[in-house]
Amino acid sequence: MKGCSSYLMYSFGGLLSLWILLVSSTNQCTVRYNVADCSHLKLTHIPDDLPSNITVLNLTHNQLRRLPPTNFTRYSQLAILDAGFNSISKLEPELCQILPLLKVLNLQHNELSQISDQTFVFCTNLTELDLMSNSIHKIKSNPFKNQKNLIKLDLSHNGLSSTKLGTGVQLENLQELLLAKNKILALRSEELEFLGNSSLRKLDLSSNPLKEFSPGCFQTIGKLFALLLNNAQLNPHLTEKLCWELSNTSIQNLSLANNQLLATSESTFSGLKWTNLTQLDLSYNNLHDVGNGSFSYLPSLRYLSLEYNNIQRLSPRSFYGLSNLRYLSLKRAFTKQSVSLASHPNIDDFSFQWLKYLEYLNMDDNNIPSTKSNTFTGLVSLKYLSLSKTFTSLQTLTNETFVSLAHSPLLTLNLTKNHISKIANGTFSWLGQLRILDLGLNEIEQKLSGQEWRGLRNIFEIYLSYNKYLQLSTSSFALVPSLQRLMLRRVALKNVDISPSPFRPLRNLTILDLSNNNIANINEDLLEGLENLEILDFQHNNLARLWKRANPGGPVNFLKGLSHLHILNLESNGLDEIPVGVFKNLFELKSINLGLNNLNKLEPFIFDDQTSLRSLNLQKNLITSVEKDVFGPPFQNLNSLDMRFNPFDCTCESISWFVNWINQTHTNISELSTHYLCNTPHHYYGFPLKLFDTSSCKDSAPFELLFIISTSMLLVFILVVLLIHIEGWRISFYWNVSVHRILGFKEIDTQAEQFEYTAYIIHAHKDRDWVWEHFSPMEEQDQSLKFCLEERDFEAGVLGLEAIVNSIKRSRKIIFVITHHLLKDPLCRRFKVHHAVQQAIEQNLDSIILIFLQNIPDYKLNHALCLRRGMFKSHCILNWPVQKERINAFHHKLQVALGSRNSAH
């Protein structure tokens, strides 16, 4: 016994140790949706306890030196294996043999130095192979010959001196070949012959010290759509040579960023004449001279980036030939400002005249003095123009500033950060289709008469935030009734309290920002007519006096009529009162921000109409009490609540309801444990609100409600019981009558046997008068009923006992008329009852009906007749009623019993 116990303890200890080992090993990796993440775990070997059905395994940033094929036998379903950022120096060919479904293999940032013919011989299903940042200096033989499905191959940041990756045509499905940051000096046709049947979407040779492009080097590639040669330090001569080598190829995208291409001429891109080049990136080249006709051979170009250059001048023929250009970026493309005015960049009139299909023009962050009368002439398709921080001398916008855009269908104009101080009347009269006008972050200080916006008949948004000073008038926005968004944040706004309101014409306005203006005086009709307003930002003003009861004329309800308001921000307004009815009829409010005010006691029912509220912010106020009368309605559908940093009074009267709500709600309450603290009473100071014990709170309201509900339920129950006791039989009678009038009395009997009598009646001799008196009329009323009565239906000349047996067999049912006489009748007790029961037992049928004319206890019934009420279904047990009015109900129940099916037990 002792040995057995020791063995069990040893086994249990071993299993426990194994379980701990498995859990600790598995728990290091995160497994989710067949993806195992084992990165950053300092692993030195492949985990062997992961689920066998994983399809993705991440082993990056560990200390692996090898990928032993046998360790992957368990994971034969792997499709993606990422082993980057390890110390792997050799890859065994059998790895892909073990992983036949492998499609993506990432080995970047390892220590691979050479690749043999056998390395990837079994990796026939690979679509992506990443060998970036290894120590591969030379590719020998044909290591990628079997990779017929490979789409992307990354060999960037190695030590390769040649583009030759094999002999003979291979990699037929390759689309991306990345060879950036190697030591390739020349592109030779014989070294690119292996790509003879490839259609390269992208060939990246960036950051290589290229010095030579041999004749036909790109012609040997099947198809080449995109070539990246960024940071290759190509001089103008090499660039021109490159373009000639790309002639008659499929090239569409050419990136030559950061190549110190100081100047371009008509011959620079002439070799691209016989291509369909659509994208050209010349950014970061310190380009200072764009010669006339530089792009004349690029009629298919749609995207041109000249960002971050040092262009001194654009002439009328600088963009000649770009008849299909859609996107042009000149962000920070011009010479930066210096002391000498002569060094300012110059854009001649009609410089953009050839760009008739240009839709997007970005000229941000330049130092152009200002616009001229024909600066943008010819841009007849321009829709987006960004001029942020573009001009140095555009302090005043006049009706001549944008005259060159008169024929442009401009939709968006960005003029931020240009030191604009004044907008003259009719400045934008040329821009009838403009939708968005951004004048923010300037130095505008003026009174808005409304004529500034003349001609903006389709304007959707005007952004004027972060300017110096704006004074409104009643007609400030009278000419832009289509306006839907108006931003006036931090503009030292004046004259807001005039009547009629400056915003009255803006019937379509949905967003209005008046924040950070120190507004103290407004009228009740400030927002009159803005029925479509959805967002109102009024934070960081000084509205405290306007909502005080002591305010002359009473509180100012400037929110009335905003029936579609969704978001209201009144943060930091010094509010210490909220008048009753100020939020009335604002049924669609989803978010209210009243944070950083001085609110303390809130009136009951002020939020009653805010049952759709999703977010409520009351942080950093002086709220001590959170009561149901105030916060019950808005808390119903709340998703987010912020009441941090309030001095809560932790008493039953003040916060018991709030604490109960907190402990039951799913609403997001950030920093509940740390920033919802009790302030009073003293012994609760600093105590977390959610830990306040409400069990001792004696709130009578719930008990009153419980008393009312329980009392009502008890009264209803008593009434129902009395009704059933007094009139239950009548209810049952009418119910049964209704049911059987619809469905009929007889149930479907599946037995094929036919009976001559509906029922054989067993009764005592002394009860024969009662039987004849009540069963005979039933036969007369219902012709389908026929009872077997001894005095009438026994065959003449047949012995009595034999007649009884025959009659019972020919009857569908057997009725017992039970009285004290029956219990004493010797014939019934000895023969009739026993034979009837025996037949019922033999046939296994519910064919017996008991009619009690007298109240006979069950034990007497059992003793005399060997019967009990529990042997029969309830509808087969009938009691003769004392009251005459219940006789009809009795007859109905008897008909139901007679019509019931003789179902087997």
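Just so it is clear, glycine is given a Cβ too, placed from its N, Cα and C backbone atoms.
Listed in Swiss-Prot as the disulfide partner of C123, from the options C38, C96, is C96.
The disulfide bond recorded by Swiss-Prot for C678 reaches one of C650, C652, C788; that cysteine is C650. Recorded disulfide link (Swiss-Prot): C652 to C697, out of the candidates C697, C788. Rounded to the nearest whole angstrom, the C-alpha distance between C29 (disulfide bond) and C697 (disulfide bond) is 49. Put simply, of the recorded positions C38, C650, C678, K766, the one whose Cα is nearest the Cα of C96 (disulfide bond) is C38. Comparing the Cα of C678 (disulfide bond) with the Cα of every entry in C123, C652, C697, K813, these being the recorded positions, the smallest distance points to C652. Nearest neighbour of C123 (disulfide bond) by Cα distance, taken over the recorded positions C38, C652, C697, K766, K813: C38. Counted over every protein chain shown, other Cβ atoms within 10 Å are most numerous around K813 among the recorded sites K766, K813. Counting other CB atoms no more than 10 Å from each candidate's CB, the disulfide-bonded residues C29, C652, C697 peak at C29. Rounded to the nearest whole angstrom, the C-alpha distance between C38 (disulfide bond) and C697 (disulfide bond) is 52.
Other C-beta atoms found within 10 angstroms of the C-beta of C38 (disulfide bond) number 22, with every protein chain shown included.
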